[in-house]
């Protein structure tokens, strides 16, 4: 029997079978040992084969080949990865310029990982109703930056419903992963898109100005127009997994494009003479914040923070 994984609690998986049943499944112990160094070898969005037992329980015994997935280093700094979701048509990264602030380094790490696994990303700038004039100017500068690179952007207020209809329309016929820091209003936005869903929402810690986790597992929801949303727990950081140093620049489209003009083919864009990328940064043709994010990821590689895939 085949089906789609629509929920993952860490201990069991809910599968919607091709004939419309909803079945809770486990994975067999030996399935975990098939060379998959991941905290969750089965992810929401996976197409799977399941076997029903006489006792009424079910096991996942096979995962179909994935079209793509979004992966990050496991938060416990082990040699394992964590797969956020699989078989995606797009991601929507929900970000805020304050309450809490989403750093450009976090945004760029997420974008680079999505580029590596060929998942299109759109940026959703939430809480536009809460910002002062300086924050709104900064917001517009970020939108100008990322739109120019090629990432579509939305301005929304999930709380007031502003801009939500444009996102709804963009979800039609697609499987979309929603991700972002805790506290950016991701769950509030999903509730605005799907009023009957009642995804749990949380408050902001006033001491740290950071969000508190409300979603504790990944889950898929149906949306109008034959689409699906995958809601994931809020993430604090985005440790990139299985990237070689020389590949990192490939996942920054504007850096990769300019790097063709570097004097040396193996230029790291840090100190080499004749570096077209550094020249473009100095001329403000490449954003300094994006270049900083690129260097930050190179530093991770040097410090051994990247993990090899197994």
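From the backbone N, Cα and C atoms, a Cβ is placed for every residue, glycine too.
The annotation domain 'CP-type G' is assigned in Swiss-Prot to 77-238.
What Swiss-Prot lists as GTP binding site is 126, 127, 128, 129, 180, 181, 182, 183, 184, 185, 186, 187, 188, and the listing cites sequence analysis. A simple way to gauge crowding: the CB of residue 182 (GTP binding site) has 20 other CB atoms within 10 angstroms, across all the protein chains here.
Swiss-Prot lists 262, 267, 269, 275 with the feature Zn(2+) binding site, giving sequence analysis as the kind of evidence. Annotation for residue 269 (Zn(2+) binding site): same-chain Cβ neighbours under 8 Å, separated by at least 6 residues, are 249, 255, 259, 262, 275, 277, 278, 291, 294. Classification of residue 269 (Zn(2+) binding site) by DSSP places it in coil, neither helical nor stranded.
Across the structure, residue 267 (Zn(2+) binding site) and residue 126 (GTP binding site) place their CA atoms 37 angstrom apart.
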